[in-house]
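Novice: Heads up, here are the entries from TrEMBL:
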type	residues	note
BINDING	Thr151, Asp225, Glu250, Lys280, Asp284	substrate binding site
BINDING	Gly316, Glu317, Val318, Gly319, Lys320, Gly321, Glu337, Asn440	NAD(+) binding site
COMPBIAS	10-20	compositional bias 'Basic and acidic residues'
COMPBIAS	60-79	compositional bias 'Low complexity'
DOMAIN	285-446	domain 'S-adenosyl-L-homocysteine hydrolase NAD binding'
REGION	1-20	region 'Disordered'
REGION	48-99	region 'Disordered'
Amino acid sequence: MSVPEPAGGEEVKQAKEVEDAEKYSFMATVTKAPKKQIQFADDMQEFTKFPTKTGRRSLSRSISQSSTDSYSSAASYTDSSDDEVSPREKQQTNSKGSSNFCVKNIKQAEFGRREIEIAEQDMSALISLRKRAQGEKPLAGAKIVGCTHITAQTAVLIETLCALGAQCRWSACNIYSTQNEVAAALAEAGVAVFAWKGESEDDFWWCIDRCVNVDGWQANMILDDGGDLTHWVYKKYPNVFKKIRGIVEESVTGVHRLYQLSKAGKLCVPAMNVNDSVTKQKFDNLYCCRESILDGLKRTTDVMFGGKQVVVCGYGEVGKGCCAALKALGAIVYVTEIDPICALQACMDGFRVVKLSEVIRQVDVVITCTGNKNVVTREHLDRMKNSCIVCNMGHSNTEIDVTSLRTPELTWERVRSQVDHVIWPDGKRVVLLAEGRLLNLSCSTVPTFVLSITATTQALALIELYNAPEGRYKQDVYLLPKKMDEYVASLHLPSFDAHLTELTDDQAKYLGLNKNGPFKPNYYRY
């Protein structure tokens, strides 16, 4: 969904202040505002119109693909089919008599609280930040409207923001990812949460609107994952959008939308690009996917990877993590790439770089992780061997042309949760996982520890934007200050009993560095 005591001017305070974690004005000492980053795309496109009400999920999507079809969670106690009554038609109140929420079943709150308590045990850095900063209340007066996955881990983030003084209203960034019991626990705790697993697309936008459009309460901060919330406020409530003090966005899709707005000169508030922070790219994208790709595939297919031929489309951080995991289990891994630098990295890591059409007839598994659309087309699907497994590790379900498979001549057979056999007239079967949505959150879970890194980054980004003096951030998209990335990493080192080496005065002078960082320039690639 990414400080508390903003720095004045362009000066960097002395290292002793940065080192004092109790003051934790670390972000206040963060130096100058980061330089604006290069935009992702040359093409200039505005947000597409928000979807209208439909009886079923639409198969045609916008250029960045609404997150409503992105993925689901395998970690919820209850399935959305358990109760045919829409939560919108229920009258529910929590133990305090409040009905300012809409969840599947408020009675599940006790189960959700247990999930949150378990998550807190492996999110020690975020809890540490909460304890250090809650006395100062750096988010006092902040009214945060959020749209993220509502899981036990994000609940820890939401409750941390509340502990730091913020008022929060929350919806889910995806119709399948909500853990109903966690949403109930948040509602019981007094958070205005509007989300449940298995929302219709109309429900999805209704929940977002209920968070934004409320009498006597106006958001001044946005925490988004996918850009749908930002898109809704920008289109439907322009006066509210102009008064937003900052946007924090964590996904490729959402960041791309922000850069589109910025390039068109229509972004009237500063935004923080958490997705391209080091702590997000290297840990959430690389290490998280390195573990969760195997978990998702094993849970759904029980496949043995030794000797299997796998093609991974894309060798960014997600692709690198997937390839490393598959190679370690003895799979024969091919890589497709459009970027010569990433392609060369794949070659040096021992993978053969090919075009998908060259290996599509022989591979056993196809994994997409490009962030693009139509990477696997109907032509590719027609040429696949029998029992080929097809899945996606990208944010949206645009990478596999699932729409082309919904034709009369093909038969869909649901064999288990999130696993479909698509059967051709000649009897050939393709195993499609999660209908092309993100595999790890659809079919398994992701490691709590790595989500702690991302959540801590988001919290600090919100604190930085909310407390930044006027003029530090213009109406544009920024990367996190390097000092913030380093601080997030340092908070997580005690979990490994890791001890950093300290520079001597002479060494620091030789390198031209402050003894307490930042240790790398903004352009450094880890």
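Cβ atoms are placed via backbone N, Cα and C, with glycine included.
A TrEMBL annotation is a machine prediction, not a hand-curated record.
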Novice: Between Asp284 (substrate binding site) and Gly316 (NAD(+) binding site), how far is it from one CA atom to the other, in Å?
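Specialist: Here the two Cα atoms lie 13 Å apart.
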Novice: Looking at the binding-site residues Gly316, Gly319, Gly321, which sits with the largest number of other Cβ atoms within 10 Å of its Cβ?
Specialist: Gly319
Novice: State the Cα to Cα distance, in Å, between Asn440 (NAD(+) binding site) and Asp225 (substrate binding site), rounded to an integer.
Specialist: 16
Novice: Considering only the binding-site residues Gly316, Val318, Lys320, Gly321, Glu337, which residue has the minimal Cα-Cα separation from Asp225 (substrate binding site)?
Specialist: Val318
Novice: How far apart, in Å, are the two Cα atoms that lie farthest from each other among Thr151, Asp225, Glu250, Lys280, Asp284, the residues recorded as binding substrate?
Specialist: 18
Novice: What is the nearest of the binding-site residues Thr151, Glu250, Lys280 to Gly319 (NAD(+) binding site), using the Cα of each?
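Specialist: Spatially nearest to Gly319 (NAD(+) binding site) by Cα position is Lys280.
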Novice: Work out how many Å separate Lys320 (NAD(+) binding site) and Lys280 (substrate binding site) at their Cα atoms, rounded off.
Specialist: 14
Novice: Pairwise over Gly316, Glu317, Val318, Gly319, Lys320, Gly321, Glu337, Asn440, annotated as binding NAD(+), what's the top Cα to Cα distance to the nearest Å?
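Specialist: This binding site's residues have a maximal Cα-Cα distance of 22 Å.
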Novice: How far is it from Gly316 (NAD(+) binding site) to Lys280 (substrate binding site), counting Cα to Cα, in Å?
Specialist: 13
Novice: If you count the C-beta atoms lying within 10 Å of each candidate's C-beta, which of the binding-site residues Asp225, Asp284, Glu317 ends up with the smallest number?
Specialist: Glu317
Novice: What count of other C-beta atoms do you get within 10 angstroms of the C-beta of Glu337 (NAD(+) binding site), across all chains shown?
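Specialist: The Cβ of Glu337 (NAD(+) binding site) has 23 Cβ neighbours within 10 Å.
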Novice: Of the binding-site residues Glu317, Gly321, Glu337, which one has its Cα closest to the Cα of Glu250 (substrate binding site)?
Specialist: Glu317
Novice: Round to a whole number and give the Cα-to-Cα distance in Å for the pair Glu317 (NAD(+) binding site) and Lys280 (substrate binding site).
Specialist: 10
Novice: Could you measure between Lys280 (substrate binding site) and Gly321 (NAD(+) binding site) for me? Cα positions, answer in whole angstrom.
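Specialist: Cα to Cα, Lys280 (substrate binding site) and Gly321 (NAD(+) binding site) are separated by 13 Å.
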